[in-house]
Amino acid sequence: MAPFPLIIISLFLLASLAAASPEKEALLAFKRALQDLQALETWVEDDDPNDHDKYLYFSHCEWAGVECRHGRVTSLALPARSLEGPLSTSLFNLTALTSLDLSGNALTGNIPTEGGDLVDLETLNVGNNLLSGSLPVALFQKLQSLTVLDVANNTFSGSIPSEIRNLKSLAHLYVGINQLSGRLPSEIGELSQLRTLFAPSCNLIGPIPEELGELTQLAKLDLSYNPLKCSIPGSIGKLHSLQVLNLVSSELNGSIPSGLGNCSKLRTLMLSFNSLSGFLPEELSELSMFTFSVEKNDLTGPLPSWIDKWKSVNYLMLSTNRFSSKIPPKIGNCSMLTHISVSCNMLTGSIPNELCNAPLLQEIDLDNNFLSGIIDDTFAKCGNLTQLVLVNNKIEGRVPEYFSTLPLAVLELDSNNFTGSLPASIWSSPRLMEFSAAGNVRE
């Protein structure tokens, strides 16, 4: 009875090898198209005398970056291998692929429409290459098992196809840093599993679709550096899983939606370099913010006292707006605060001593306001302070002696009303790299 099972096994192996042969040829065709054939030295031709003997008897399933199952190539992972040359259509004959990662190389050309034939593909990563052309509609029509699609940092053109609605399993979409055009398709709101949408610097225009609010699993949204020229839709407040929102330099107008306060998991909110107006909505006070950046907008009103509720905030960047009134002393209750910038506003009054109750403060930028008073002990407790910029205010009194005891690398005091001579100890401060105090009245 023994020969019969052996025959079955032999036939199975022969069938596997027969199926594998065109896949081996597909891999070799990809290699042959590369400029540097040594980049994949373990991928050897059976009849090439120049190939190393030590690799000659390797199955293609043992080649670098190749994984097989039952003799079929299921994964090809060649990130950052210095591969230069066209993205060969031969790779798309590997119809059992579930993962294809060619990121971080110098591959050129288009993604062929044959890419849509890889119907089992779950991960497609060709980010950080030199690929061009439009994104083939076939990818979005047929690859319904896709969970990760990364085409970022190439030179793709054209629009994001509305057929993206077919990628029902998609969890992570990276299309940023390309030369795309058009709007973010409203159909993207149908991707109920989407957790990451990375689309900065790809020439998208507004409006931001209201349907984006249907992405209840979305944790990271980056549409920065696009000419959106629109307001932030109120539906964004429905993104209850959102942790990071980056809309920096996107030509946004209107106000900051109060509905963002409903995004209970939001930790990083970056809205700098836009034309947003109005007050900071109090609804944001309930968030556990880590990074809050609204620099260079047209925001008004007083700096809200409720900021002290952000016990975990590290970066508080509020410069170049039209905030008025005083610096609220309660900001010192932000015990994790390391960087605060409220420069180029219309703040008045003295700098509160309580500011340095935040023990981790490293950088304080208060320049170009209307701050006054003296700073005798104001910064004495800032034991980690490396940068202090007070330029162009109305601060009076003497420059404190204790500045030399702080780990300051940058100290800028220009254009105030300081009097008296500068402490000699400042000049011997071991860490100080940049110091200026011009435009003061010194006796």
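Glycine too: its Cβ is placed from the backbone N, Cα and C atoms.
Some features that TrEMBL has for this protein:
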{"type": "SIGNAL", "residues": "1-20", "note": "signal peptide"}
{"type": "DOMAIN", "residues": "21-49", "note": "domain 'Leucine-rich repeat-containing N-terminal plant-type'"}
{"type": "DOMAIN", "residues": "60-68", "note": "domain 'Leucine-rich repeat-containing N-terminal plant-type'"}
{"type": "DOMAIN", "residues": "174-276", "note": "domain 'Disease resistance R13L4/SHOC-2-like LRR'"}
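Touching of the domain 'Leucine-rich repeat-containing N-terminal plant-type' (60-68) and the domain 'Leucine-rich repeat-containing N-terminal plant-type' (21-49) is concluded from the presence of at least three CB pairs under 8 A, sequence neighbours closer than 6 excluded. Confidence across the domain 'Leucine-rich repeat-containing N-terminal plant-type' (60-68), taken as the mean pLDDT and rounded to a whole number, stands at 95. Residues of the domain 'Leucine-rich repeat-containing N-terminal plant-type' (21-49) grouped by DSSP class, helix first, strand second and coil last, total 16 helix, 0 strand, 13 coil.
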